[in-house]
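Below is one structure, written out as structure tokens; comments come after it.
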Amino acid sequence: MDLVSPQNNPNDYPSRIVSSSTIATMATNNNSSISSSSNSSATATPNSSSITMTPPPSTTPSRYENQKRRDWNTFCQYLRNHRPPLSLSMCSGVHVLEFLRYLDQFGKTKVHNQTCPFYGLPNPPAPCPCPLRQAWGSLDALIGRLRAAYEEHGGRSEGNPFGARAVRIYLREVRDFQAKARGVSYEKKRKRPKLKVPVPSSPQQQSSAPTPPTLADATAASEFFPFLTCLILCFFSHI
């Protein structure tokens, strides 16, 4: 049996012996490195939290825009249900008047007929069989929104059917008839001009203002002029 000497044995290599003091020094260095890294992360945290994210601007449409979109969709649906169906380019003021009369069936305003005993009364004492109609104010606001929506969807302002002369005349007639039938007035109240209150002058302004002549001053002047005239005559007579 051959024995392998320590010099010839490849598995027999000198091992590095680490003392206890060396192990303690290494542990201390590791702890200090961990604490320094934790401190650096802690100091970096406030910088990251100090960055404030500004919220995006709100894009919520206004109440007017929502109502305008609903009115436009209703009108487009009316054109599709029309017999025959109409396109937006073929729409005219006549079709707008048909649309307004179509909306009268959904009205909630009592408009008395001329034969009704409550014609012209703003507060009728009893119910009557007069029909319900769309109020003039609602129709006027509706036309204004549809007129703006038509131009927003690519329509030309000069060919806007909601601004046609026939539509304006119809709205004026509805306003006058409902004002008489309901006993109300749609005339806009004019604002009265504000009365200007005179501002009292300061004492300095009062002292600087010229004083009007008094009666005593006028009497003294009337006595002085004859005396001056006599002196002048005497002077010329001696010459």
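Cβ atoms here come from the backbone N, Cα and C positions, even for glycine.
What TrEMBL says about this one:
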- 1-20: region 'Disordered' (REGION)
- 28-66: region 'Disordered' (REGION)
- 28-53: compositional bias 'Low complexity' (COMPBIAS)
- 63-190: domain 'ALOG' (DOMAIN)
- 184-215: region 'Disordered' (REGION)
- 196-215: compositional bias 'Low complexity' (COMPBIAS)
Treating G and I as helix alongside H, and B as strand alongside E, what does DSSP give for the domain 'ALOG' (63-190) in helix, strand and coil?
74 helix, 4 strand, 50 coil
Local confidence of the domain 'ALOG' (63-190) - pLDDT mean:
91
